[in-house]
């Protein structure tokens, strides 16, 4: 059994894994011997230490596993008909290790019972815990790469052309003239794919996180819990609190886990990373113990243990892992531009066939006419130039090099050098939130008490009020002991103190002490050293609130599962017993805590939550709704804080009902919520808090640029609805005067039907929808929902699973036919990035997994603007000009061949002489980069695909036929008496015409373009000495040769110059005014 970076588990054993968070940075899985009688494997993991800040994710390299695959017009009454969804043909089977996985016992996913210490009781076989994200293996690599290249007509044509030269009757020239260009292109492609496969293999072996999905059994932490970092799973850098099974945590040692008679029942594997249903049963107890298991008892694979040592029992492995099921298959991306060129190649080939048939028909199909057709096909094969593929591939390499060397976007990496021109035609931009648009660093901005508000510039007043509350001798008297206390109008100082105290208590934050080189950990924890303390929490919002209370004088210094300690400005330690805690959930949108003040015995129920739910819980007031709206418009996350004092009798009655509800087997969640709601009545409103999630640098102007460029921006995040909405407003993804439609939670087809009808009646409003509701809509009304969503100026999808992100990208591609770009920075964004036409990874706090999986990697979101507006636009326009010019050159030569039967070798010579000027088109640009950034509307013109269209292609074909005919017939009319003079005149005119056409096409001259023009002309003149077999060297020095070549060249080029001038004069392009 292997214990290197990835754990290999055989398919028939259950495993107990020990994961430990210790100080060394490098993690390694070390096998720990276990008694031979139990077929289990114990692993001890030493992952990276927790970062210095509680909300910062730690860089880690995760593999990219495969994923689970998951029309009528819209009317007021949507027909309740299920959507027929096409089958998705993935290259990897989801139900097991192979297409025949049913024979391996790994067919449909099923629930399972996992016994501790008794693997012989297993009911089914499970997949091996091997993560393999490579597209090929040793045997399929070369065949698969070659197949992906030659499945397109463009490449297949050149292969057949090269192979035909092995037939003596069809050979027209040296073999190397056909095979060398094709071989160079294939060598570059194979090398690129091999490098990517090696990188993928190394990433698979470097997985240093929790190796499998487990149930949390016990921990070494004194408080009986641990924190996980789930950044690569759900994109959130917050630390998640996890609790062990209670009865196993009470065991004396971890070895006792294998001595008890117990088992875990787990639901069937699924992609939901936020929920879990299971039970833990111990049969040898007296009485038997049966505990329910939820998401708080799980340790999903690809997460990081942030504190202590944890022991868990494996329930899912291999392809059944949540992380694997939420990741898509990597795919080979072929650019839309390449597909368009492939289509033009088919048209050219069709023209080639027609011309060949006409040539044979003119000979009345005499003799072996079928062989003559093949010879004409080969003779005129340069109608479809092989130099086109070479020039385009070399051009893409130049474009990629320009992107990497751009000093204004430092650190940008191009990992897919085959699709840089895709960046110039993006219609939909789909972006992650946490770490991509935001820094995930929360800053406390506002405290509002109704009659008075405190901002960042007045926090010293809050600090003064808190200090006075603990220095006045009357502060020890609890207000609740006085019967008339609630009737007396409280002073501002007491109100501020109560608000700060409530904020310091109602949270799930745990202070952790670390050695700092001067003080060791034990001493720091004993004396509550401020310099050694960091905060762990499941939300960065809570960390920012606790840090703020520390800044104003009330510091959280200690916490475990049952108690909490606060330090006052005078240094006094206040002890509180945690009686109950009600964590935040997406459904409840609030969290609460019941604490007892050890010094007074007072029991208080504190609660904070979103204003939409807290408005019906707190006592009536006339300012809550208005102030919440004002703070939300400023882009702040608003929380409403309240409290309620309880007597001992009230609490005991509540506790009895609460315990009874938790023991219910049926409708447990509903009964528990009902009991809690009995307390949530007439609570005293204390304050509002406003926290800002700081945006990345220049996010707002970048989004503005992208919108003006004609892109629609969708934000797909795993975060909460309120958080996502606030960020969208703060980043101006949703403008201040724009209406927002928040899609109500729906679970059935009927509810989705009604909500879609309600949404349809709104116009020009942004859409905010949760992942659960999105799943229901796509299940029953995929077409209708996508039709409505695509009409929205902005869409925010919250609580999105990684596979949902990829599904949305895929649906946009299928429904609109437009190009998509996905931007993310975490492991949960990999599926979306790989599914999009262009994937951009941002190197951030969540590691480099998204960056490594992306086609392009940037260091900041703001660099996306220049990447698209400048490099994307230039790459597309240059590729279009280059491809059309290469086709033009080949068509000119082919026209001369047909009309005058020019010697075939001149085809290669003309390509050599004009290679550098034609290729120098990759340096051309119509406007400066500063103008392209200043006027993003120029980008919008490219979305219609006009630089390379059938219209422009036809224009260039006509130009080619015109110029080829002028050159050929001009030489025939003006020659004296010898055929060699025709060759000299026509070939020289052809070279000069090509050089002048490059000059005609250039928009902005670059010194290298001038060098290329002069160098090509000089090379041609110098090489005339070696072409004495075809050109009369003495004739080309005469005045007769010079004036004839000049006349032919002017006739072929001057009309085009005149037409270009007239077009710019009467129908100027959009950029002409900007350049002038």
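Heads up, the Cβ atoms here are built off N, Cα and C, so glycines get one too.
TrEMBL does not curate its annotations; it predicts them automatically.
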Please find, within the list 339-363, 364-388, 389-413, the residue stretch that TrEMBL describes as transmembrane segment. 339-363
What range among 913-934, 979-1000 does TrEMBL record as transmembrane segment? 979-1000
If you draw a 10 Å sphere around the Cβ of residue 432 (active site, 4-aspartylphosphate intermediate), how many other Cβ atoms fall inside it, taking every protein chain shown into account? 30
Restricting to CB pairs under 8 Å, which listed stretch, 339-363, 1007-1027, 1033-1059, is in contact most with the transmembrane segment (979-1000)? 1033-1059
In this structure, the one of the binding-site residues 637, 799 whose CB has the fewest other CB atoms within 10 Å is 799
Summarise the model confidence on the domain 'P-type ATPase N-terminal' (118-178) as a single mean pLDDT, whole number. 79
Restricting to the binding-site residues 584, 637, 799, which ones have a CA within 10 Å of the CA of residue 432 (active site, 4-aspartylphosphate intermediate)? none
Among all the protein chains here, how many other CB atoms are within 10 A of the CB of residue 828 (ATP binding site)? 33
Let me check the 10 A CB neighbour count of residue 718 (ATP binding site). How many other CB atoms are there? 27
Number of helical, extended and coil residues in the domain 'P-type ATPase N-terminal' (118-178), per DSSP: 31 helix, 0 strand, 30 coil
Six or more residues out from either end of the transmembrane segment (339-363), which same-chain residues have a Cβ under 8 Å from its Cβ atoms? 152-154, 157, 369, 372-373, 376-377, 380-381, 383-384, 388, 392, 883, 887, 894, 898, 945, 948, 953
With Cβ-Cβ distances below 8 Å as the criterion, list the same-chain residues six or more beyond the ends of the transmembrane segment (1007-1027) that contact it, or say none. 909, 913-917, 919-920, 923-924, 988, 991, 995, 998-999, 1033, 1036
